[in-house]
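A.B. asks: I grabbed these lines from TrEMBL:
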- 1-28: signal peptide (SIGNAL)
- 74-94: transmembrane segment (TRANSMEM)
- 169-190: transmembrane segment (TRANSMEM)
- 202-225: transmembrane segment (TRANSMEM)
- 231-251: transmembrane segment (TRANSMEM)
- 389-488: domain 'Calx-beta' (DOMAIN)
- 502-601: domain 'Calx-beta' (DOMAIN)
- 729-752: transmembrane segment (TRANSMEM)
- 805-825: transmembrane segment (TRANSMEM)
- 837-857: transmembrane segment (TRANSMEM)
- 878-900: transmembrane segment (TRANSMEM)
Amino acid sequence: MATTTNFRPRLAMGTFVLLSVALSMTTASVTNGASSPSNRSIHSAGQHADTKCQDGLILPVWQPEDNLTTGDRIARGLVYFFALMYLFIGVSIVSDRFMAAIEVITSKEKEVRVKKPGGEEQIVVVRVWNETVANLTLMALGSSAPEILLSIIEIVAKNFKAGDLGPGTIVGSAAYNLFVIMAICVLVIPDGEVRKIKHLRVFFVTATWSVFAYIWLYLILAQITPGRVDMWEGFLTFLFFPATVVTAYIADRRLLVYKYISKQYRMNKRGMIVQVEAESALEMDNRDDRLNTIDENGGVTEDVRDFEESRREYISTLRDLRKKYPQHDLEQLEIMAQEQLMNKGPKSRAFYRVQATRKMMGSGNIMRKISERAQSDLSEVKAELQRVDVEETIAEDAACRVFFEPGHYTVMESVGEFEVRVVRRGDLSCSVTVDYETEDGSAEAGSDYIGKQGTLTFPPGVDEQRFQIQVIDDDVFEQDEHFYIKLSNPSEPASLATPKIATVMILDDDHSGIFAITSKDHELVESVGTYEVKVQRYSGARGKVRVPYWTEDGTAKAGKDYEANSGELIFENNEITKVISLFITEEGSYEKDVLFYVNLGEPQQIGGIIEAAEGKAPEELTEEDKMALLGRPKAGDVVRAQLRIKESKEFKNTVDKLVQRANASILIGTSSWKEQFVEALTVSAGDDDGEKGEGDEEPTPSCMDYIMHFITLFWKIIFAFIPPTDMSGGYLCFVVSIFCIGVVTAIIGDVASHFGCTLGIKDSVTAIIFVALGTSIPDTFASKVAAIQDKYADASVGNVTGSNAVNVFLGIGVAWTIAACYHSYHGRSFDVEPGTLAFSVTLFCSEALVAILVLMVRRNKRIGGELGGPKKAKIVTSIFLFSLWIVYLLISSLEAYGIIKGF
C-alpha cells in the first residue's frame with residue numbers, strides 16, 4: 001500500500017495545479033477579452049461578471065452573488081471544491097454497497113447436468129451470469145453509475161436542455177480511464193512480470209465499440225444533424241448498448257461462424273487445452289489429463305474441465321504445503337490449501353472496486369476475510385460429504401446416480417488395506433452394477449499399491465458398497481504419492497455423478513518421525529478445566545520414541561492460573577498422536593488475558609537399530625547404521641506453543657454461511673443491518689497487501705486508517721441503512737443503492753456547476769478536470785490492485801474499453817433520448833451545441849486509437865503483454881500514456897476558452 005499512500009497526495013497536488021491553470025486561463029481570457037478570437041469564449045470566460053449562476057436541481061445558489069470581491073469568490077470556490085471532494089468520497093462509499101449488490105447478483109450459481117458422448121451424466125455448478133455479459137451490464141453500470149446518472153440528472157435539472165457537465169464528465173472519465181489507469185497498471189507490475197489480456201476477442205470487440213461510440217457522438221453532433229439531436233439518433237445511441245453486449249458475448253462464446261467449424265481439443269506441451277479444426281477427438285499427452293472429458297455441448301463444457309483442473313490444483317497445492325509445513329496435520333493443510341486457491345482464483349471487477357474503496361476509507365482489507373472463512377467453509381464441505389440427508393431422497397422416478405463418497409483419501413504407507421466407499425442416490429428399487437479400476441498417478445501399481453479392478457453390484461434397496469485397496473509398505477524414503485480410482489460403465493438406469501474419480505494420497509512413513517505441537521497459538525477460556533495440547537508425529541511413524549515436555553510461565557503463573565506439568569510422551573511404533581493435559585484454574589476475573597507456554601524437548605529413539613547406532617563412534621558405523629541414522633526422530637518447527645487464557649464467555653457464531661462457498665460475494669456481501677453498522681463504526685487495517693506469515697500478529701490500523709475512517713464516518717453510517725445484500729438476493733440493495741447514488745450525484749452536479757460558475761470556469765472544463773477525476777479515483781485503485789493480483793489484464797485494463805462504450809450508450813443515449821422526446825412532444829427540436837464536446841470527442845478518439853495500438857504492440861515477444869515487462873519499457877509506456885491525458889486536458893481546455901479554434 002505504499003504506492004497507494006503516496007498516490008493520494010500526488011492526485012491532490014495535481015488537482016490543485018490544474019485548478020490554478022484553469023483559474024489563470026480564466027483571468028487571461030477576461031483580461032484580454034477584446035482580442036479573443038471568439039465572442040462566445042469571451043462571454044463564457046467572464047460569465048461570473050455578466051451572468052448570474054442558476055439554482056441547481058437540489059442546491060440553490062450561494063447568496064448574495066452580486067458585488068463579490070475576488071477574495072470572496074476564491075473563498076467560495078475553495079468551499080465548493082472541498083465539498084466536491086467530500087461528495088466524491090460519499091459517492092464512492094455508496095457505490096461500494098452498489099457493487100456488493102451487483103457481485104451477489106452476478107455470482108449466483110446453478111446446478112447443470114452435463115451429458116458426455118458415452119451417455120454419462122455429470123453435475124457441475126456454473127454461474128448463471130456470463131462473465132462478459134456481467135462485466136458489460138451490471139459491472140459497468142456499477143463503476144460508471146455516477147457519470148451516467150449525472151448526465152441524465154443534468155438534462156432534467158436544465159429543463160431538458162443540453163448541458164456540458166454530464167457529457168463532458170463521460171468523455172473526460174473515458175480519457176482518464178484509458179490513459180491514466182492504463183499507465184498506472186503498466187507501471188505497478190513487478191519488474192520482469194507481464195499481464196496479458198486473456199479474452200482478446202472480447203477486448204477487440206469492446207475496444208472497437210468504445211472508439212465507435214465517440215465517433216458516433218461526433219457524427220450526430222457535427223455531421224448528420226449539426227447542432228441538433230433527433231429522437232432516432234438518441235434512441236439509436238442507446239440501442240448500441242445491447243449491440244455491444246451481444247457482439248461481445250458472441251466473441252466470448254465463439255458463436256455464429258465459429259460454431260459451424262469442426263474442432264478437436266488437445267493438450268499442448270505447456271499443459272494448455274487448445275483447439276484444432278477438422279477433427280473431433282480429444283488427445284491428452286499426460287496420463288493425469290486423461291481424467292478430463294470435453295465434448296462440444298456448448299457453454300458448460302468449460303466448467304466441467306475447470307472442475308477437474310481445480311481438483312488437480314488442490315492436490316498439487318496440498319502436496320507442496322505438506323513439504324513446506326511437515327509439522328502441520330492434514331486438516332490444517334487442507335485449510336491452508338483452500339485459502340491459497342481462493343486467493344489465487346479469479347475475482348470480479350466488483351470485488352476489486354469494493355476492496356479498493358474499503359482500504360482507502362479505513363474499512364479494512366477484505367482479502368483478509370478469505371483466511372477467516374477458510375476453516376469454517378472446509379468444515380462445512382466435509383460435513384456435507386459425510387451427511388446423508390433423508391430430505392434429499394429423490395422420488396422413485398428420479399435418476400439413479402452413483403459416485404464416490406468421499407472423493408479423496410489420505411492414508412499412511414503402512415496402512416496395509418483401506419476401505420473405499422461407493423454410494424448411489426435416487427431410485428433404489430432396481431439392481432445396478434458399476435465397474436471400478438485403479439489408475440496410476442505419481443504412485444505406480446505394483447510398487448506403491450496393488451492395482452485392482454472389478455464390478456460392484458447394488459441389489460434393490462442397497463445404497464452403498466465398499467471394497468478394499470492394498471498399499472505396499474517399503475523401507476525406501478519416498479515423496480508423498482497419489483493414484484486414482486475410477487468408476488465406469490454403470491448399468492441402466494444408473495448414471496455417474498461427481499465425484500466419479502477418487503484420489504488417494506499415500507503419505508510415506510519410513511522415518512522415525514518429526515515431532516511437533518499441532519498449533520503454535522492456543523486461545524482458551526478459563527472455565528475450560530482440562531485443556532489438551534496435541535503433539536503430532538509427521539513424515540513417518542517407525543519405532544518407539546520418547547519426547548520430553550514441560551510448561552513455562554509467562555504472564556500466567558503456575559499455581560495461580562494453571563498447574564505446572566512436565567514429563568515424557570512415549571510414542572509406540574506407528575503411533576502418531578499424543579496429548580499433553582493441562583489443568584486451567586478458574587478465578588472468575590474480569591477481562592482476563594494471560595499467557596504461558598508448553599515446550600517440547602529433543603525426541604529420542606527407544607531401542608532398535610537407531611539407538612544402537614547412536615551409541616557407536618563415527619568410524620564404527622556401518623552402511624546400515626548410517627542409513628538408520630538418516631531416519632532418526634527429529635523436532636519439528638513448532639516445539640513451543642503459546643497458550644492464551646481469556647475470561648469465560650460464549651464465542652460469537654458466524655451467520656454468513658448461506659451464500660455459495662467459492663463466491664467472492666461471501667467476502668463483500670452482508671447478511672444483516674447489525675453487521676453493516678458494526679463495519680461502519682469499526683476501524684480496520686487496510687495496508688496489508690502481503691501475505692501474513694505463520695505466527696504474525698494481526699495488523700493494526702495505521703494513523704491514515706483512523707483519519708480516513710473519521711472523515712468518512714458520516715457516509716458510512718448513512719449508507720449502512722441500505723438493505724443488506726442477503727435480502728431478496730441483492731436486488732433490494734441494488735435498487736436502494738442506485739437511488740442513493742442518484743441523490744448524491746445530483747448534489748455533485750449542483751456543487752460542480754456552482755463551483756465553476758463562481759470561479760468563472762466553464763462546465764466543460766470542470767467536467768473533464770474535476771468531476772471526471774473525482775468519480776474515477778476508486779476505479780484507479782481497483783485497477784491497480786487487480787493488475788497486481790490477477791494473472792491476466794482483463795479485470796484491470798480489458799474492462800476499461802467496455803466501460804467507456806457503455807458510458808456513452810447509456811449516459812448520453814438515455815439522457816438525449818429523453819430530451820429529444822420531450823422537445824418533440826412540444827413541437828421543438830433538441831438543440832446541442834457541437835463546439836467543445838465535438839472537439840473533445842475527436843481529440844479523445846485520435847489518442848484512444850494510439851493508446852490501443854500501443855497496447856497491442858506490447859504483446860510482441862520482447863515485452864510479452866499489455867501490462868508490465870522490462871523496467872524501461874514500463875516507464876516509457878506509462879509516461880507516454882500519461883502524456884496523452886495531459887495533452888487531452890490542455891488542448892480541450894484551450895479550445896473551451898477559444899484560445900484554439902474548434903468546430
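Cβ atoms are placed via backbone N, Cα and C, with glycine included.
What does the local environment look like for each feature on the list?
C.D. replies: Beyond the ends of the transmembrane segment (169-190), by six or more residues, the same chain brings 3, 144, 147-148, 150-151, 210, 214, 767-769, 771-773, 775-776, 779-780, 783-784, 786-788, 793, 796-797, 800-801, 803-804, 807-808, 811-812, 837, 840-841, 844, 847-848, 851, 855, 866-869, 874-875, 877-879, 881-882, 884-885, 888-889 to within a C-beta distance below 8 angstroms of the stretch.
The average pLDDT the prediction assigns to the domain 'Calx-beta' (389-488) is 80.
Beyond the ends of the transmembrane segment (729-752), by six or more residues, the same chain brings 56-59, 80, 83-84, 87-88, 90-91, 94-95, 97-98, 100-105, 108, 145-146, 149-150, 153-154, 157, 165-166, 665, 669, 719, 722-723, 763, 766-767, 770-771, 774 to within a C-beta distance below 8 angstroms of the stretch.
Tertiary proximity for the transmembrane segment (805-825) is limited to same-chain residues at least six positions away from its ends with a CB under 8 Å from its CB atoms, namely 136, 140-141, 144, 147-148, 150-152, 154-156, 160-162, 166-167, 170, 173-174, 206, 209-210, 212-214, 216-217, 229-231, 233-235, 237-241, 244, 832.
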A.B. asks: Taking residues 6+ outside the transmembrane segment (837-857), which of them lie with a CB under 8 Å of any CB in it?
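C.D. replies: 164, 167-168, 171-172, 174-175, 178-179, 182, 207, 210-211, 214-215, 217-218, 221-222, 764, 768, 797, 801, 866, 877, 880-881, 884, 887-888, 891-892, 895, 902-903.
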A.B. asks: Within the domain 'Calx-beta' (389-488), how many residues are helix, strand or coil going by DSSP?
C.D. replies: 6 helix, 52 strand, 42 coil
